[in-house]
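These features come from Swiss-Prot:
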BINDING   47, 135, 185, 385  L-aspartate binding site
MOD_RES   249  N6-(pyridoxal phosphate)lysine
């Protein structure tokens, strides 16, 4: 009797480590909005997490030059020496942080940096403290790496920022990491030096806890806000802090897929082991382009940030003029995270009662043809995120549609 005759064919069974990870609400909304556009409906999509500017010309030229020089082979595993030197100079110039080249790593986007760090450091059941609202990948990466996300709600009353009291209460002997993002996706909230210091004092008292900071939106801050990163504020924590950044947001290079980080040598070495068996080196062409981005002119960043600030003000003022919505002014990034508690319990023209922020966002999509993302996707309700990385004309039209849709609720 053959094995095939005795073993019944089974369907695919996903590994338990991904059983708690579903399809992202962001992807669901994006897919529905795209389908509606294909049907000819005039949908305005305000869910994109990327700048609407183009990659600077000198960066594109550097990539082209690299291709013509034949720089199309494998590179060093976790970054070319040229890019690591540019990153080292960036950290020193902008953040006052000194790293050796073997304390710097480069990967295929900041998401892979986070994945490498968690995979290299977490044992099953190790805890990672994540303030909510949070970028959706944070908790899923921890789950995949068999860690335990510890979600700490940080609502508008605290400016969507973690407090020292909440951090202290969340730390246990199993805590391995605290993960902070400033400015934040989705809230736009940013930590000043005064906001950070009480948190860093807590971490100094708990030497088993490491800190991962996601600084991806560093250059997109408003109203004279002074960006700082924890390792520059507290040198005593530098040896257990991973400072993550990338070229995607500041330089409009989301598709080039380059993220980087500076941190303790042994952590960086362990992350390289993970990367060696996952993707190996990042794209050689993208790395050459990133050298040009980091070493080249930076003056255009101010103009782009000023454009984002005008759009931020337009959206915040427009949302706060709508009955039932309440929008805090974000310090950075290109998102608003507006409260919508005032519309819960109301009824749509079709007779459906809005019970959650997900219901409200579905109503805006179907009725107003405006795609936004519910706060539940980011771990905090009842809110919704708008990305204002689109034209002012589209934003004005979207705000008019949202206001009209809210007026139709009873």
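A Cβ is built for glycine as well, from the same backbone N, Cα and C atoms used for every other residue.
Structure coloured by features recorded in Swiss-Prot.
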{"residue": "47", "record": "L-aspartate binding site", "Cβ neighbours (10 Å)": "20"}
{"residue": "135", "record": "L-aspartate binding site", "Cβ neighbours (10 Å)": "22"}
{"residue": "185", "record": "L-aspartate binding site", "Cβ neighbours (10 Å)": "25"}
{"residue": "249", "record": "N6-(pyridoxal phosphate)lysine", "Cβ neighbours (10 Å)": "23"}
{"residue": "385", "record": "L-aspartate binding site", "Cβ neighbours (10 Å)": "25"}
Remaining residues near the recorded L-aspartate site, that is with C-beta within 8 Å of the centroid of the site residues 47, 135, 185, 385: 26, 49, 136, 186, 335, 373, 377, 378, 387
Collapsed DSSP category at residue 385 (L-aspartate binding site): strand
Among 47, 135, 185, 385, which are recorded as binding-site residues, the nearest neighbour of residue 249 (N6-(pyridoxal phosphate)lysine) by Cα: 185
